[in-house]
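Notes to accompany the following structure.
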Amino acid sequence: MAYKILDTCVSCGACAAECPVDAISQGDTQFVIDADTCIDCGNCANVCPVGAPVQE
């Protein structure tokens, strides 16, 4: 199961910087995770100041 980013995302970019497989990119209004690339490491959730990345 991959992670997804909730609407509480503040677009700070902390998650994208920590993703070892570059699965996170800036979307139209917030960052998004490519579920096919995500390896479920949890780095994004660990660094997010608002807890936006959650496991699907």
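If you go along the chain as it appears here, the first residue is 1 and each next one adds 1.
Glycine residues also receive a Cβ, built from the backbone N, Cα and C atoms like all the rest.
On a predicted model such as this, the values are computed, not experimentally measured, just so you know.
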Looking at [4Fe-4S] cluster 1 binding as recorded in Swiss-Prot, which candidate out of CYS41, CYS48 goes with CYS9, CYS12, CYS15?
CYS48
Could you give me three numbers for the domain '4Fe-4S ferredoxin-type 1' (2-28), the DSSP helix, strand and coil residue counts?
5 helix, 6 strand, 16 coil
Counting distance between Cα atoms, which of the binding-site residues CYS38, CYS41, CYS44 is nearest CYS15 ([4Fe-4S] cluster 1 binding site)?
CYS44
Excluding CYS19, CYS38, CYS41, CYS44, please set out which residues of the same chain place their CB within 8 Å of the center of the CB atoms of the [4Fe-4S] cluster 2 site, keeping sequence order.
TYR3, CYS15, GLU18, PRO20, VAL21, ALA23, ILE24, ILE33, ILE39, ASP40, GLY42, ASN43, PRO53
How does the domain '4Fe-4S ferredoxin-type 2' (29-56) divide up by DSSP, counting helix, then strand, then coil residues?
5 helix, 6 strand, 17 coil
